[in-house]
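What follows is one structure encoded as structure tokens, with my remarks underneath.
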Amino acid sequence: KQGMEVRSAAQGRAGAGRVALLVVLLCLCCRAAAERVRYSMAEELGRGSLVGPLARDLGLSADELPARKLRIVAGDEKQYFTLEEDNANLRVNDRIDRESICGAVSPCVLSLEAVVENPFDIFHVSVTIQDINDNAPQFDREFVTIEVIESTPPGTRFPLGSGRDPDIGVNSLQNYELTANPLFSLLVRESPDGTKYAELVLEKFLDREKQRNHHLILTAVDGGDPVRSGTAQIKINVTDANDNPPVFTKEIYKVRLMENLPEGSLAFQVKATDNDEGTNAEITYSFSDIAKSVRQLFTLDPRTGDVKVTGLLDYEERKYYEASVEGKDGGGLTAHAKVHIDIIDVNDNAPTLSLLPILNPIPEDSVPSTVVAVINVRDRDSGENGEVSCKMDGNLPFRLETSSENTYKLIIASALDRESVSAYNITITATDHGSPALSSSTELVLEVSDVNDNAPVFSEAAYSAYVSENNAAGALVVRVQARDADAGANGRVSYWLAGGSAGAAGAAALVSVEARSGALYAQRSFDYEQCREFTVEVRAQDGGSPARSSTATVRVFVLDRNDNAPRVLWPAAAPGEAPGAAPAPFEVVPRSAEAGYLVAKVVAVDADAGRNAWLSYELVQASEPALFRVGLHSGEVRTSRGVSERDAAKQRVVAVVKDHGQPALSATATLHVVLAESLQEALPELSERPLGGEAPAAELQFYLVLALALLSALLVLSVALLVLARLRRAGPPGVL
């Protein structure tokens, strides 16, 4: 026995070696066409086993693999395959059992899609799973009991059922063997579907009185290497004679059942008749050859022959069932009939979708026709029930394109704008063509990433700011604000001075701008009298690459303050006088002057503006207060009454000039008046004036002004006469 085990193990290793060699040769020989790559491998290979050099077969070199981003997409729930870390080779990811995946279907092919980018393309990969002899034949019943009447003639056949081997081809069940017995032989038959089953043939009459029981061993063997086998023990009980066996109405019952047939429903009925009478004609029905999986789905009423559904039928799990029904009368005679059950597909499976995002988030400057995702759809139903179409809900800037029978590409249909829509919630619905149609949906959230496509925008195109003069350096002038619709660094705004009415350097000398807040601060104190207004340009620039910017104009108005006192122009100030005070010139007023006589006019100016420059005049001091008055707004000094002989010849008048600022500022002007009819009459009065520094200087100034006025008048007259003379010589009389 140990020797047999050693030989069996050696044969197993040799067989495994041949299978591995076959896998390698198939992988080397299986090269893809332009759009399809095919591989072949044996089942039950360990995790990590090489399936094929996928990258090489797709024409991808090792240098371009990182940029092409090779990935695989499988529509199955299990991921049987995976790529190496370097994405070069396709390897096994999970246990692959051909029998559980494909059952009796041959060839067994697993399909997947290989996706590459830059440029985008999809390749279809199919892997054929080769069967290995990993399953031994098995009988549904290990012990089979057959009742045989001793009067049964030789040549009578008794069904022994069929063994089952999930493997296919040569690895499946190939033959049956029976222990040697002179009374029985074995007949191996093959059904139309290729299934081999055994029948026991009676070779000689049985004699119950000699031997009541016979024991045989039935062996089922496959054609694998090494050969695997399974056995069943057969017990034959010899009974007394019952000369009429039951007869079924049909040798083979062919039944078609909808897969959505409810549990408890009547599936079909078998019927047999017996020409005997009494208990020998009472027929009992039972399943004689049936798989455990089928026994769980159907029950047979032993009296009526009604077969009812007791489990869930699923066309996608199994499309065909086969069983043998036995009818036994009361005398022990039996008849057998085959039952073939075809399951009809109904549309009971909704499509399934699997998504593979290619580009998420999507740059908003992506061009139309860019692939952003791959959608794989599957429907387990068949025919029209398994045909699926996809659509996208809503009016979105994307569209679906068919890539292959079960694969769609989601591509950009029109331009994207993150500032309008920053993310899209896309619902994709897959609907089959069944009746009624079934559908399923999945959602894909695609975010749009920002690019610097928006320049900052000021809240106002032009700003106006008002600053009072004599402000402190560093005082806030105005705050500008610009917004950028972009995000992140692309929307982060900084502010700079771009120039102005005084140029960039001049603007920087007047104001400064804080880069983050946009606040403009005065660089120095402003003087209304020197600069009443100026403009600066502020540039707002984002942090994108390349950066975008815009400018706004800020017009700064300097507001006046009452910081200048009135200045008296006439009478002019003399050396030694107090600031703001006028000298003491004299005016000659005839004693015959009436009330309202214009004595002089005080002329003053104020460098301020507005109310700060409005001047008013008042008489604050006079030798004869009742003799003179000053015009409030004109500054004219007039007599308020007629001059009398009693009035002193010399009069001193002091007037104050005030502005209307807050607080008001003022200056004074002093005027000496001589009451005389003529200048010659006033000279004695003037000579009696004190010899202080004030009188000679004032008198000298008066004469100088008088002489200058005469000279100026003479010069103007000479120039006018000269011009007139030239025009008379040169031009015609009509022009003159």
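Note that Cβ sites are derived from N, Cα and C of the backbone, with glycine treated the same way.
Nobody curates TrEMBL annotations by hand; they come from automatic prediction.
Taken from TrEMBL as is:
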type: SIGNAL; residues: 1-34; note: signal peptide
type: DOMAIN; residues: 69-139; note: domain 'Cadherin'
type: DOMAIN; residues: 140-248; note: domain 'Cadherin'
type: DOMAIN; residues: 249-353; note: domain 'Cadherin'
type: DOMAIN; residues: 362-458; note: domain 'Cadherin'
type: DOMAIN; residues: 459-568; note: domain 'Cadherin'
type: DOMAIN; residues: 589-686; note: domain 'Cadherin'
type: TRANSMEM; residues: 702-724; note: transmembrane segment
Winner by Cβ pairs under 8 Å against the domain 'Cadherin' (362-458), considering only 69-139, 140-248, 249-353, 589-686
249-353
In DSSP terms, the domain 'Cadherin' (249-353) comprises 8 helix, 48 strand, 49 coil
For the domain 'Cadherin' (362-458), the DSSP residue counts stand at 4 helix, 49 strand, 44 coil
